[in-house]
């Protein structure tokens, strides 16, 4: 079944949990799509897990379009959400609409995601008015890492918790179809989920959200030096890959690979004529 923004809303209405993962390339997107997931986020997290940056701030629109286009080619039934990178929407409403349009038209995404609450309401409204579905993102917003002073849980005191609830309501009123809640106390995330009629997608926000999202490299255990508290390792792919790499190196060095079964043949009479 093809997943759309309507699918997301129906899931919330019916009490069905939504599932999302990140993807950044064709082959990964194809595998995730075949697994039956609801949505893929082509996140600006690619800056850290694919490009090796320390944060997401250096990711460009060209980066996002390039990776979103690859992911879009790999899916058949999954909703593809393209992340709007730092300074692609904060500077003006005009820039927000133009860049959102590029992720749809050039990247092949179905929807876009942008970070922020009350400060980006006008951008959300304008993008929605341009007939582009918007997924919002509040709580820990990685593009604001310099303001937060690091990757920290958000909404732990009354004032900040209340602001998150109010932001969620304003986001819904602006026309967004879903909200990502990142690194928010579980009980607060549950309150926000009940306060809005659109789906909430949690990452480090407890099981009370309408759905969950993780960075696929994290949940597959691909990086031993990156292990956020909220991540469960569903497979140990990193170690499996290293074992495979080591086995390949060993067999090449020993001369056991490639063996006859991996080689192509030529008639000996042809060889005789070459000398």
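Backbone N, Cα and C define each Cβ position, glycine as well.
Predicted, not measured: the structure shown is a model, and the values here were computed from it.
DSSP assigns residue 182 (active site, proton acceptor) to a strand in the three-state reduction. The Cβ of residue 182 (active site, proton acceptor) has 22 neighbouring Cβ atoms from other residues within 10 Å, across all protein chains displayed. Residues or ranges marked as active site, proton acceptor by Swiss-Prot: 182.
According to DSSP, residue 44 (Mg(2+) binding site) is assigned to coil rather than to any helix or strand. The local packing around residue 44 (Mg(2+) binding site), expressed as other Cβ atoms within 10 Å of its Cβ over all shown chains, amounts to 28. According to Swiss-Prot, the Mg(2+) binding site annotation covers 44, 83, 115.
Counting Cβ atoms from all protein chains shown, residue 83 (Mg(2+) binding site) has 28 others lying within 10 Å of its own Cβ. Annotation comment: Swiss-Prot describes 44, 45, 83, 113 as 3-methyl-2-oxobutanoate binding site.
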Taking the centroid of the Cβ atoms of 44, 83, 115 as the Mg(2+) site, which other residues of that chain lie with their Cβ within 8 Å of it, listed in sequence order?
43, 45, 56, 59, 84, 85, 86, 113, 114, 137, 142, 143
Could you round the CA separation between residue 113 (3-methyl-2-oxobutanoate binding site) and residue 83 (Mg(2+) binding site) to a whole angstrom and send it over?
5
Let me know how many other Cβ atoms fall within 10 Å of the Cβ of residue 113 (3-methyl-2-oxobutanoate binding site).
25
Compile a sequence-ordered list of residues in the same chain as residue 115 (Mg(2+) binding site), six or more apart from it, whose Cβ lies below 8 A from its Cβ; state 'none' when nothing qualifies.
84, 136, 137, 138, 141, 142, 143, 144
